[in-house]
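Asks: Quick paste of what TrEMBL says about this protein:
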- 69-74, 120-123, 162-171, 197: FMN binding site (BINDING)
- 286, 572, 643, 644, 653, 654, 655, 656, 657: NADP(+) binding site (BINDING)
- 453, 454, 455, 456, 471, 472, 473, 477, 491, 492, 493, 494, 729: FAD binding site (BINDING)
- 63-213: domain 'Flavodoxin-like' (DOMAIN)
- 266-541: domain 'FAD-binding FR-type' (DOMAIN)
C-alpha cells in the first residue's frame with residue numbers, strides 16, 4: 001500500500017478537525033452567559049455596600065455627610081448642606097444614614113476630603129436611633145479604626161446640631177461628637193453649629209452656615225463660584241397613564257394596590273374613627289378632641305405611653321392658594337412624574353406618578369412657615385419688579401423676615417400673595433391671586449415632606465386592645481405681626497382631627513364668614529380638609545378613617561405595682577396618664593379576681609397632679625377619675641390645680657408645681673424611701689422646668705441640704721436610673 005505523503009496527512013488531520021468543529025460548534029463557539037449587574041452594583045463597583053470610602057472614591061466625592069435623625073429634620077439639613085456644597089464649590093457629597101455604614105475606615109477619609117456630622121439630640125440627651133452605633137464607636141476608646149488605633153489625626157470635620165433649649169440636654173449629642181472627634185485628633189472646620197427648635201432652627205442654621213462655608217473654603221482650598229444652580233428634579237407631565245397607577249394621596253405602594261402588609265411609618269393603617277367627641281364644655285373658647293381609632297385586623301399593637309402618628313392633609317384653602325399662585329389651578333389634576341437628577345443627593349420624597357394638587361394636598365408641608373432661604377431662590381420668578389424686591393428684602397433682612405413672615409406665620413402661598421399685594425384674607429381664586437412662574441421642581445426641592453403629627457396615646461391595651469385613644473387640644477391662635485392682616489393660625493393635625501370629629505358626628509363647621517372690610521366678601525373662618533382621602537378611601541357612608549402608625553416609647557410604668565408612682569400632667573399632658581391608670585386598673589381587676597381587694601394592700605400609691613383653667617370648662621375626663629379610684633381601692637390619688645379658680649393668698653394662680661410643694665413630705669417619702677417613679681408630661685418651656693425645680697427643692701430639703709446641690713444630685717440619680725421620665729414638648 002503506498003505510503004501517504006506529509007501533505008496528505010496534513011489535509012486529513014485538517015479535515016477531521018473541521019468536521020469535529022462543525023459537529024461541536026454550539027459548545028465551542030457558544031458565548032459565555034452574561035450575568036446582569038444591578039445598577040447599584042455597577043455604581044458601587046460591586047463592593048461592600050457598607051463601605052462609604054469606596055463609594056466616595058467611585059463617585060469622586062470629597063464630602064461625606066452623616067446625619068442622626070429621628071423625624072427627618074436632620075436628614076433635610078444634611079441634604080441642604082450637600083446641595084450648597086455643590087452649588088457653591090462644585091463639590092459632590094455622599095449623604096449617609098450612619099445605620100447603613102461601617103466606621104472602621106473613618107480614618108481613611110483622604111486629606112483633601114471632609115466629614116460632616118448633622119446630629120439631632122433625642123429624648124433625654126440620647127442619640128437618634130440611627131446614630132446610636134456611630135456615637136458609641138466615636139466615644140469608645142477601645143474601638144479601633146483600620147489604623148489599629150482610636151485616632152483620627154488630621155481628619156477635617158464639620159458639626160451641626162439640632163436640639164431644643166427647653167430640654168435639659170440641649171444639643172448634647174452634637175457636643176459629644178465634637179468632643180470625641182477633637183479628642184481623637186480630628187480638626188474642626190469653623191464653629192460648631194447649634195440649632196434651637198424652640199426658637200428658629202432655620203435662623204440658627206442661616207446664621208452659622210456662612211461663616212462655616214468661609215472656613216471650609218480655606219481649609220479645603222476651594223473657591224466659591226465653581227458650582228452653579230442645577231435642579232434636583234425633572235418634573236414631566238404624563239399622558240395616558242393608567243389611572244389606577246397614579247398616586248392620589250396614598251402613602252405607600254401597598255395602599256395604592258390595596259395589598260396586605262405590615263403597618264408602620266412607611267405604610268400607615270387607615271384606622272376607623274369609632275368615636276370622636278368634644279372634651280371641653282360647650283361654652284369654652286377652645287376645642288379638645290377625644291378620638292378612638294380602631295386597629296382591629298391591622299396587626300398593629302401598642303403599649304401604654306406609646307405615641308400615635310396621625311397623617312393629616314393640608315388645609316384646602318392653602319392648597320387652592322398655592323395652585324392659584326403657581327398658575328396650576330386649571331391643570332391641578334394633570335398627572336406628573338418626577339425624577340431625581342442625583343438620587344444619591346436628592347430622592348423624590350413621595351410616591352410618583354401623581355398630580356399637582358395631590359403633591360400640595362398630601363405630600364409636602366405647604367402649611368409650614370416659609371423659610372427665609374427659600375425666598376431668595378423664588379425671587380427671580382417674581383411677576384414684577386416690586387414683588388421681586390419684596391422677596392429679596394425678606395430673604396436678606398432677618399429683622400424684616402421676622403416681623404413679616406415669622407411673626408405673621410406666613411405660609412409660602414401667603415408670602416407670594418403678600419409680595420404681589422394680593423388680598424390674603426379673601427378665598428383664593430385665579431382671579432384674585434397673581435401668578436408666579438415658579439418651576440414645580442423648585443417647589444418640590446424647597447418644601448419638606450408633610451410629616452405625621454404625634455400624640456400621646458391616652459388608653460391602655462389592657463382595657464382597649466383594639467382601639468387607640470388620643471386626646472388632642474385644637475391649635476388656634478392669633479398672628480402677631482402688625483405688618484400683615486391679623487388672622488387666626490390653625491394647627492394642621494389638630495384641626496384635621498376636628499374636621500373628622502365634626503364629620504363623624506354629622507356636625508357643621510363654619511368654614512367661611514363675611515368680612516365687613518371687604519364689602520360682604522367671603523373670607524376664611526376655619527380650614528376644611530380632604531378628610532375623605534384619596535379616591536374616597538377614608539369614607540364609607542358616615543364612617544371615616546384616618547391613616548396612623550404607632551411610635552414606640554420608653555415612657556412606661558414600673559412593672560412592679562408596689563412601686564409608688566407620681567404623675568404630673570396638666571392639660572393634655574394628662575393623656576398618657578389616663579393610659580397609665582387604665583393599665584393599673586386592668587392589673588387590679590385581675591388581682592382582685594384572684595386574691596380579693598386585700599391583694600392590693602402592698603401596692604404603691606399612684607398620685608396624679610392635673611391642671612387646667614377651670615373645673616367646669618376644661619377638666620379632662622372629669623367623669624372617669626372617681627371610677628378609677630374606686631377600682632384601685634384607695635391606691636389612686638388625684639389633685640387638681642384650676643388656675644382660674646384657685647388662687648394663693650397673694651392673688652397669684654395655683655399650678656401643679658404648687659400642689660407638689662404642698663405634698664412635699666409625701667412626695668419625698670415616695671421617692672427616697674419608696675423608690676418611687678416620677679413622670680412629667682406636657683409643656684417643656686415652663687411647666688416641666690417649674691416641676692423639676694419644685695422636685696429639687698423637695699428632695700434637697702429632705703436630704704438636709706439645698707435644691708441646688710443635694711436636690712439636683714437626687715434628680716440626676718432619678719434620671720440616670722430611669723425613675724424620672726419626661727414626655728414633653730414645646
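Quick reminder: no glycine exception, Cβ is built from N, Cα and C everywhere.
Are these features on the surface or tucked inside, and what are their neighbours?
Replies: Taking Cβ-Cβ distances under 8 Å and a sequence gap of 6 or more within the same chain, the neighbours of residue 69 (FMN binding site) are 75, 78, 118, 120, 128, 130, 131.
Every protein chain shown contributes to the tally, and the Cβ of residue 455 (FAD binding site) ends up with 25 other Cβ atoms within 10 Å.
Per-residue confidence over the domain 'FAD-binding FR-type' (266-541) averages 93 (mean pLDDT, predicted model).
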Asks: Please tell me which one of the binding-site residues listed here (453, 473, 653, 655) sits closest to residue 72 (FMN binding site), measuring Cα to Cα?
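Replies: Spatially nearest to residue 72 (FMN binding site) by Cα position is 453.
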Asks: Return the count of C-beta atoms lying within 10 angstroms of the C-beta of residue 657 (NADP(+) binding site), excluding that atom itself.
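Replies: Residue 657 (NADP(+) binding site) is surrounded by 24 other Cβ atoms within 10 Å.
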Asks: List nothing but the largest Cα to Cα distance in Å, as a whole number, among the residues 453, 454, 455, 456, 471, 472, 473, 477, 491, 492, 493, 494, 729 that the record says bind FAD.
Replies: 22
Asks: Counting Cβ atoms within 10 Å across all protein chains shown, which of the binding-site residues 167, 170, 655, 729 comes out on top?
Replies: 167
Asks: Please report the distance from the Cα of residue 453 (FAD binding site) to the Cα of residue 167 (FMN binding site), rounded to the nearest angstrom.
Replies: 20
Asks: Restricting to the same chain and to sequence separations of six or more, state which residues have a Cβ under 8 Å from that of residue 493 (FAD binding site).
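Replies: Set apart from residue 493 (FAD binding site) by at least 6 residues yet with Cβ under 8 Å, we have 310, 312, 452, 453, 455, 472.
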Asks: Counting other Cβ atoms within 10 Å, pick out the least crowded of the binding-site residues 120, 473.
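Replies: So among 120, 473, the binding-site residues given, the one with the fewest Cβ atoms within 10 Å is 473.
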Asks: Which one is it, among the binding-site residues 164, 286, 653, 657, that lies nearest to residue 471 (FAD binding site) by Cα separation?
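Replies: Going through 164, 286, 653, 657 one by one, the closest to residue 471 (FAD binding site) is 286.
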Asks: On a count of neighbouring CB atoms within 10 A, which of the binding-site residues 72, 123, 491 is highest?
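Replies: By the 10 Å Cβ neighbour count, 491 comes out on top.
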